[in-house]
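Written below as structure tokens is the structure these notes are about.
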Amino acid sequence: MTSIIIIAITAIVVLYLGLYKVKGALLPVSVLGLLGAEASLVCGWDKNISYFNEMLVFNNYAIAFSILLIATTILIFLMSGNYFEKISSNVAEYYTILLFALTGGITMVSFQNMTMLFIGIEILSVSMYIMAGIKKNDTSSNEAALKYFLMGSFATGILLFGIALIYGATGSFNLTEIAGKASEQPFLFYTGVIFMLIAMTFKVGAAPFHFWTPDVYQGAPTLVTSYMSTVVKTAGFAAFLRLFGSAFSSVPPIWTVTIAAMVVITLLIGNITAAFQQNVKRMLAYSSISHAGYMLIAILLLGQASPNAILIYSVAYSIASVASFGVIVAVKEHKGSDDLSAFNGLGRTNPVLAFVMTVALCSLGGIPLTAGFFGKFYIFGVAIAANYTWLIAIAVLMAAVGIYYYFKVIIAMYLRDSESGESIQLNGSYQFVLIFCVLVTILLGIAPSLITNIL
Amino acid sequence: MENITNAITLVPLNHYILLSSIIFFIGIIGVITRRNAIVVFMSIELMLNAVNLLLTAFSAYRGDAAGQVFVFFIMAVAAAEVAVGLAIIVMIYRNNNSIDIDLLNKLKN
């Protein structure tokens, strides 16, 4: 809770700094505030503090995911450099909105009451609707904002209907009480669970409710896309798991078939469509759908190992995504395009950028010695423990398809020739973020035990 | 306040559930079939109001205020959402001179 307060106050301070035109202080103040929030979270480890009549409970699960969300936000802020200045002169608003979105994300991972789930999702989503459309005169940014907004509020409506039905069946919004009264009125309860399942898959962008994802990810400014595919997705999955793990843990036999079908469709659609994309940003959007499929496996097979599996996967995926979107931002600013052909010859002109992109894509594809490998390893471990061999077979096959399209970019970077031989100049904090992401990815790939026993 | 709760419970609970479900699905059909962004948006609001009705009915039947408090949360958040949503629609109108969502198909392969 302290962390939410610190971030909200930081956001307001940043807004005032913008009012008084102190442009140089925006980034340092935001990052300092976020570091303060991290510190306050670390202090609450193992304490299990609950707030507001048990509406928010900061257990270790919530704290681990909050730390990840804040760390990702810091990395994205450090990359933003003068990215927002090129869009508009009022930069402070963008930092503020992203910080407010982060408070929504933290609420989502620490809720113990449906009210807080709803409010968290809304704070996060409404902020992201604005961020998707910050390029006011760019038609694709406009389109992304409207699509995200209409689809997002549609999903919110479905979520609320589910919450209302579950309230009708159990008479409570508290997760533990709901779990205790699940069998009182089965019809209302299961209908509510299905509505909530649909809404949550909508929010995390899993098939068959993924259709908004590619358009929104492609149309939004790239830095915002990186925020969506890391912070929003991690918060969504953490909330998903918290909801289904504690409130609906007695329901599995009914939903298993539904979620198993969703996993298969998500993996197939995400990976196979990604293989045909010529635009790298759109390809990563489809690949983010496929990653949602892998993470859904842990929710399908709820158990002791699920929280840890989701956490490891989110860490690996967030860091690799930040790095790969960071490279895309740099290439797009330099060459004016993020098509596959813009990456031709990057290995010769910018060896560092190409190396960062290679490591990030290897991690996304799950190649050993990168963090992504252990992300997939633990997810598959959950499935093997539950005897879902056929699901593993499909998932491994799709991971192979994933490696094919990630390597298309790597081949373009190292084996094709570019037209221009200029190298891309990056500022210090940008380089720091990219190198940091690469180091963490390789470190976790060599020594995964650093994060595997946290939860 | 007692009178209102009593008045609500005069109608059987199933009728409220049916009515809200019907309104909710009218909203869903509106979102799927209509092409004007404002009408789609109105349909979403209809869905939210169906939820409010349902929550109020459940709350009155259970004699538990939590459901009604949730309705206030929904109304407040929906107002914030309307503010952002209308701003986005105005932005689209300025650039396109239209709010037909079929015109938004520039993001394709």
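Just so it is clear, glycine is given a Cβ too, placed from its N, Cα and C backbone atoms.
What TrEMBL says about a protein is an automatic prediction, not a curated fact.
Because the structure is a prediction, the values reported are computed rather than measured.
Long-range contacts of the transmembrane segment (A:61-79) within its own chain (CB-CB distance under 8 A, at least 6 residues past either end) are made by residues 3, 7, 27, 30-31, 34-35, 37-38, 41-42, 44-45, 95, 98-99, 102, 105-106, 109-110, 223, 226-227, 230-231, 234-235, 238, 242, 307, 311, 314-315, 318-319, 322, 326, 329, 429-430, 432-433, 436-437, 454-455. What TrEMBL records for A:61-79 (among others) is transmembrane segment.
TrEMBL lists A:91-111 (among others) with the feature transmembrane segment.
Annotation source TrEMBL lists domain 'NADH:quinone oxidoreductase/Mrp antiporter transmembrane' at A:113-399.
Same-chain residues lying 6+ beyond the ends of the transmembrane segment (A:117-134) with a Cβ under 8 Å from its Cβ atoms: 84, 87-88, 94, 97-98, 100-101, 103-109, 111, 141-142, 144-146, 148-149, 152-153, 156, 159-160, 163, 203, 216, 219-221, 224, 227-228, 232, 235, 239, 243. Under the heading transmembrane segment, TrEMBL lists A:117-134 (among others).
Taken from TrEMBL, the feature transmembrane segment applies to A:146-167 (among others).
Beyond its flanks by at least six residues, the transmembrane segment (A:187-212) meets 121, 125, 147-148, 151-152, 154-156, 158-159, 161-166, 168-170, 233, 236-237, 239-240, 243, 248, 251, 254-255, 258-259, 262, 265-266, 268-270, 288-289, 292-293, 295-296 of its own chain at Cβ-Cβ distances under 8 Å. The transmembrane segment feature in TrEMBL is assigned to A:187-212 (among others).
Per TrEMBL, the feature transmembrane segment maps to A:224-248 (among others). Nonlocal intrachain contacts for the transmembrane segment (A:224-248), taken as residues 6+ away from its ends with a CB within less than 8 angstroms of a stretch CB, comprise 61-62, 65, 68-69, 72-73, 76, 79, 98, 101-102, 104-106, 108-109, 111, 117, 120-121, 124, 128, 131-132, 134, 166, 175-176, 178-179, 182, 193, 196, 200, 203-205, 216-218, 255, 281, 284-285, 288, 291-292, 295, 298-299, 302, 306-307, 310, 314, 317-318, 321-322, 325-326, 329.
The transmembrane segment annotation in TrEMBL covers A:254-276 (among others).
Long-range contacts of the transmembrane segment (A:283-304) within the same chain, counting only residues at least 6 positions beyond its ends with a Cβ under 8 Å from a Cβ of the stretch, are 201, 204-207, 210, 213-214, 216-218, 225, 229, 233, 237, 240-241, 244-245, 249, 252, 256, 259-260, 262-263, 266-267, 269-271, 273-274, 277, 310, 313-314, 317, 321, 324-325, 328, 340, 364, 375-376, 379-380, 382-383, 385-386, 388, 391, 395, 398, 402, 405-406, 409. If you look up TrEMBL, you'll see A:283-304 (among others) marked as transmembrane segment.
Note on the transmembrane segment (A:310-331): residues 64-65, 68, 72, 75-76, 79, 83, 222-223, 225-226, 229-231, 233-234, 237-238, 241, 280-281, 284, 288, 291, 294-295, 298-299, 338, 342-343, 346, 353, 356-357, 359-361, 363-364, 370-372, 374-376, 378-379, 424, 426, 430, 433-434, 437-438, 440-441, 444, 448, 451-452, 454-455 of its chain, located 6 or more positions outside it, place their CB under 8 angstroms from a CB of the stretch. Under the heading transmembrane segment, TrEMBL lists A:310-331 (among others).
Taking Cβ pairs closer than 8 Å, the transmembrane segment (A:352-371) reaches residues 287, 291, 312, 315-317, 319-321, 323-324, 326-327, 330-331, 343, 346, 399, 402-403, 406-407, 409-410, 413-414, 424, 426, 431, 434-435, 437-438, 440-446, 448 in its own chain, all 6 or more past its ends. Residues or ranges marked as transmembrane segment in TrEMBL: A:352-371 (among others).
Sequence-distant contacts of the transmembrane segment (A:377-407) (same chain, at least 6 residues past either end, Cβ-Cβ under 8 Å): 260, 263-264, 267-268, 270-272, 274-275, 277, 283, 287, 290, 293-295, 297-298, 300-301, 303, 305-306, 308-309, 312-313, 361-362, 364-367, 452. Annotation comment: TrEMBL describes A:377-407 (among others) as transmembrane segment.
Residues or ranges marked as transmembrane segment in TrEMBL: A:428-451 (among others).
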Let me spell it out: take the transmembrane segment (A:91-111), skip the flanking residues so only those 6+ beyond its ends count, and list any with a Cβ under 8 Å from a Cβ in it.
3-4, 7-8, 10-12, 14-15, 17-19, 23, 26-27, 30, 33-34, 55-59, 61-62, 65-66, 69-70, 73, 76-77, 80, 84-85, 117, 119-125, 127-128, 130-131, 134, 175, 227, 231-232, 234-236, 238-239, 242
